[in-house]
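This is the structure, below, for whatever I ask next.
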Amino acid sequence: MAPLRALLSYLLPLHCALCAAAGSRTPELHLSGKLSDYGVTVPCSTDFRGRFLSHVVSGPAAASAGSMVVDTPPTLPRHSSHLRVARSPLHPGGTLWPGRVGRHSLYFNVTVFGKELHLRLRPNRRLVVPGSSVEWQEDFRELFRQPLRQECVYTGGVTGMPGAAVAISNCDGLAGLIRTDSTDFFIEPLERGQQEKEASGRTHVVYRREAVQQEWAEPDGDLHNEAFGLGDLPNLLGLVGDQLGDTERKRRHAKPGSYSIEVLLVVDDSVVRFHGKEHVQNYVLTLMNIVDEIYHDESLGVHINIALVRLIMVGYRQSLSLIERGNPSRSLEQVCRWAHSQQRQDPSHAEHHDHVVFLTRQDFGPSGYAPVTGMCHPLRSCALNHEDGFSSAFVIAHETGHVLGMEHDGQGNGCADETSLGSVMAPLVQAAFHRFHWSRCSKLELSRYLPSYDCLLDDPFDPAWPQPPELPGINYSMDEQCRFDFGSGYQTCLAFRTFEPCKQLWCSHPDNPYFCKTKKGPPLDGTECAPGKWCFKGHCIWKSPEQTYGQDGGWSSWTKFGSCSRSCGGGVRSRSRSCNNPSPAYGGRLCLGPMFEYQVCNSEECPGTYEDFRAQQCAKRNSYYVHQNAKHSWVPYEPDDDAQKCELICQSADTGDVVFMNQVVHDGTRCSYRDPYSVCARGECVPVGCDKEVGSMKADDKCGVCGGDNSHCRTVKGTLGKASKQAGALKLVQIPAGARHIQIEALEKSPHRIVVKNQVTGSFILNPKGKEATSRTFTAMGLEWEDAVEDAKESLKTSGPLPEAIAILALPPTEGGPRSSLAYKYVIHEDLLPLIGSNNVLLEEMDTYEWALKSWAPCSKACGGGIQFTKYGCRRRRDHHMVQRHLCDHKKRPKPIRRRCNQHPCSQPVWVTEEWGACSRSCGKLGVQTRGIQCLLPLSNGTHKVMPAKACAGDRPEARRPCLRVPCPAQWRLGAWSQCSATCGEGIQQRQVVCRTNANSLGHCEGDRPDTVQVCSLPACGGNHQNSTVRADVWELGTPEGQWVPQSEPLHPINKISSTEPCTGDRSVFCQMEVLDRYCSIPGYHRLCCVSCIKKASGPNPGPDPGPTSLPPFSTPGSPLPGPQDPADAAEPPGKPTGSEDHQHGRATQLPGALDTSSPGTQHPFAPETPIPGASWSISPTTPGGLPWGWTQTPTPVPEDKGQPGEDLRHPGTSLPAASPVT
């Protein structure tokens, strides 16, 4: 057994196997496997006082999915990926748990790391909006939809912890956040879907936030405005800007000072598969319940509700298409675009959302990604979040904070000091801190932007809401618990037998049955431990349906008082009772009240000289207690800590060392030298009054009369001065026994030392050898003395009373030393007055008291006329010192005086507006400006007090308005010049010129349109060749709107043809087109079309030459190749660009782009169906839809040895070089 015990002493940590596939029969354990520390607990349901009711903690919502509306497209094929519709099983046994019907609050006891917490919960009725739904989608189509319910979401607090907060759901066990006064905890059931076995207890896992070993949002994991790359969205933003500026949502308005973020929650397939289809809805509701509680934290400074209006579960293929792994920017862009398409267009629709939260387990990069100040914007109010357990709630809160306008703490602001304390907006949102809070910078930034978010002013809730649910019951077996704790295959250990199977759960694997493991925790309450028995609170008890739970303990009767601890000098005796009538059982409470009761006994003084009882206990150790290899003379020492008053602590009179004797003082020992009556008993201080009654509050007056009024007290004081005539101490004065409040002090600097001697015993208690005095506190004669030395003058004080008379002596340094002078004073009862010497002055202490006006009570009203009364106190007439009121005669107390106060009229809170801020845009349709608005109450001192919005009368002034919504000015944009059209001599170059706005749309530009064509000069051509020049003309191209605008294109460079070459006929089918006759003045074109040009020069051409290469012209009505507007066009000098009037006046030219095919009536017959910028366009007489000029980047080369341009006889045509596109 020894080796076995050795092996068992090294226990393996908890290993949790997560079942990621939905519908698997393997138990799902919702432990991440990343916990550095955790605890196991079995919560129970209690009443409002914390008394045990049941181990059933789950509500019925998990067992019933409610009514479901299936809306499946009729053509959608049904396959294995379709979701099952959950049935609504009957409650087990058909009965309801007592006390659950109609309950509005729930109470649970949860043990968290050894500390039992009593949770007080109420339904969170403002998390799910009435009329909201949950949808299941696949391939961007809705499979089915059902109402979204929140019947088991609760918030609340912890009894006895004012700053605690709880956000928990009990759909399937207790799951959520418990925030205590020191740290934050998460709780969740060890295994899901086990409600039917819960009746006798269910194990839950509790872990601190800092136990989650992971990092959340990275510093660069948040998308700011300038980095929000949604591709080419300017036009789309312009469209939604119209809706944003012109559409006003008509919704129910929230209460002033309250805001609601209506959230569309989207969960992709990776989250659904991880948590399971049956559990994911309850899980995400719990997650958002925690987010809602985070935004309710008082450090935020404003009340913000998280309201779910819609839940969408996204299918597998759709999830993959929305999230691009490793690319957060692209993923967020796609999610925001898709979420915008899901928006309900009707602003009054119950599912119209303000903000989108997307949850995924796919690795898109950081833990969160969101645009800053995107709230209420149709495209930018969205956040992408990586889901990784309940800690993801803080990622969601962090990213939503960015969308609300909050920046990272410490980045550009002065809140870096709060990041280590757990601020929600820390750059690294880690779980390494105990309690979350919103930093002062987050609070300030939110207050700056919040007034401009009009969409958050809606109140989406109706007053009526469903009642909280019923609670069913569930349980587990020991083998199942072993599998939960250590993995598949583990079962109850049978290697050894134990008489207490419910003390600890031992498990082993069949592969090694003699190697047993345990978590050192008991099996769950209700686990079967023997036939007919189950485990409960670590004990194996009989099962019984009438089993009594939560049996509180009760006291037995008191025993008789025992013997007194001392025979004289004041002792104690005690009696006791037991908590066994009945004994606490089954989680019941212990008995309340003390177990022992004490009485003071034998309080008369002991005969003989006075002996300090505590000093006697220290002195007994003088003979045998060795400290540092030596024996000492021990005297009592009183510590400053009240908790150590009844411990025996002694001080060495030789060395001053203080030693704890590791035992308590004897019963009846005084607790403190400052308290003459309270005594120690069983190591605790028992308060005793001056009447010797335990627990009495009676006290002595100044001269020791119990409950007296100082009327019998006398003060004796005097001044003494004597010169020493011989060596030795000089006796100055004797103070009698019973004296109190003794003060002795030297009147001037003197080398004398004060010496105190006990007149009865003759022993010295202070400076017996005249050592140099030092300031110290010591005990003697059962009293505490304070010896102080300041500026060479010594003083001695004690509160008394003196048990025996003392003598005050002065010890000079040498014989015949200087005169010593002392002043002394003490208080004594008149019956104990000594004979008064000539140097003593007896003062009357018959202090009389009177009622005196102390102050005026606060005014009943701050303004508008109030009433206040006088407050009287008890005052001593002699020195007008205020004393306790019981010293004055209550019968003589005067009646209060009444007077009016605060007669000034009350000021009313008013709305105060700040100046309008700068416009967010200089032009366009999205310009808005905001201003701050506060409800302020003017105060009489000229300041103002911030009041809640509901305190101000009238409607809240406008905080946001449109501004500068004018069209943005357009500018000319120029392309690069093309290559020269000629290879030698003179040619032309062309560029594109377009009129565009900043949004990249067409606009109206001021001023003349820049030139699109210019002349280029190259070295002259050699030989007999003439310079080939080509001039550009204006052609028309189709725009996406179906209009035709001028477009200038240069001709293709033409190879040189010898002027001596005879004219044998036209060399291109285009020579027959009259529209090209204007180019006959160009030598190159003249050689190409010599026959047509000669005919044009000789007169009107009756028709085309029927040559073998001639083809009939194909000009048609509406052709994009119009001829010259007048004859002057043909006579224009070569090389000068020509164009239409529109072109000359700077009319905008549309770049080649997609054509609008939705209007066939405006489609040109030569316009291509799918034009591609940069591709070659060509014309064919046999192919309709071609354009006469091609766009190409490389002109077709022509062999130098042939004197004709390169043409394809099958598709005759001439190509033009393309100009560079405008950027």
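Heads up, the Cβ atoms here are built off N, Cα and C, so glycines get one too.
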Disulfide partner of Cys984 per Swiss-Prot: which of Cys952, Cys1005, Cys1016, Cys1021?
Cys1021
Which of these, His386, His408, does Swiss-Prot say binds Zn(2+) at the same site as His398, His402?
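The candidate from His386, His408 that Swiss-Prot ties to Zn(2+) along with His398, His402 is His408.
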Which one is it, Cys441, Cys455, Cys482, Cys493, that Swiss-Prot ties to Cys376 with a disulfide?
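Disulfide partner per Swiss-Prot record: Cys455.
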So, in Swiss-Prot, which cysteine from Cys564, Cys591 is disulfide-paired with Cys579?
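Disulfide pairing in Swiss-Prot: Cys579 with Cys591.
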Would you kindly give the Cα-Cα distance separating Glu399 (active site) and Cys415 (disulfide bond), rounded to the nearest Å?
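Distance (Cα to Cα, whole Å): 18 Å.
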Please report the distance from the Cα of Cys606 (disulfide bond) to the Cα of Glu399 (active site), rounded to the nearest angstrom.
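Cα-Cα, rounded: 78 Å.
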Measure from the CA atom of Cys382 (disulfide bond) to the CA atom of Cys455 (disulfide bond) and give the result in Å, rounded to a whole number.
14
Out of Cys382, Cys441, Cys516, Cys540, point to the one nearest Cys984 (disulfide bond) in space (Cα versus Cα); all of them are disulfide-bonded residues in the record.
Cys382
Out of Cys507, Cys516, Cys540, Cys568, Cys1005, Cys1016, give those disulfide-bonded residues positioned within 10 angstroms of Cys601 (disulfide bond), comparing C-alpha atoms, in sequence order.
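Cys568, listed in sequence order.
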Among the disulfide-bonded residues listed here, Cys441, Cys540, Cys568, Cys591, Cys601, whose Cβ has the fewest other Cβ atoms inside 10 Å?
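Each of the disulfide-bonded residues Cys441, Cys540, Cys568, Cys591, Cys601 was scored by Cβ atoms within 10 Å; lowest is Cys568.
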Kindly assign Asn109 (N-linked glycosylation site) to one of the three DSSP-derived states: helix, strand or coil.
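DSSP call for Asn109 (N-linked glycosylation site): strand.
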Rounded to a whole angstrom, what is the C-alpha distance between Cys995 (disulfide bond) and Cys507 (disulfide bond)?
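Just about 80 Å between their Cα atoms.
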What is the number of other Cβ atoms found within 10 Å of the Cβ of Cys336 (disulfide bond)?
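For Cys336 (disulfide bond), the count of other Cβ atoms within 10 Å is 26.
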Check the Cα-Cα distances from Cys482 (disulfide bond) to the recorded positions Asn109, Cys382, Glu399 and tell me which is shortest.
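In terms of Cα distance, Cys482 (disulfide bond) lies closest to Asn109.
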Sorry to bug you, but what's the C-alpha spacing from Cys540 (disulfide bond) to Cys579 (disulfide bond), rounded to the closest Å?
23
Which one is it, among the disulfide-bonded residues Cys376, Cys441, Cys1016, that lies nearest to Asn109 (N-linked glycosylation site) by Cα separation?
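Checking each of Cys376, Cys441, Cys1016 against Asn109 (N-linked glycosylation site), the shortest Cα distance is to Cys441.
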Among the disulfide-bonded residues listed here (Cys507, Cys568, Cys980), which has the Cα closest to the Cα of Cys540 (disulfide bond)?
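Closest by Cα distance to Cys540 (disulfide bond) among the disulfide-bonded residues Cys507, Cys568, Cys980: Cys507.
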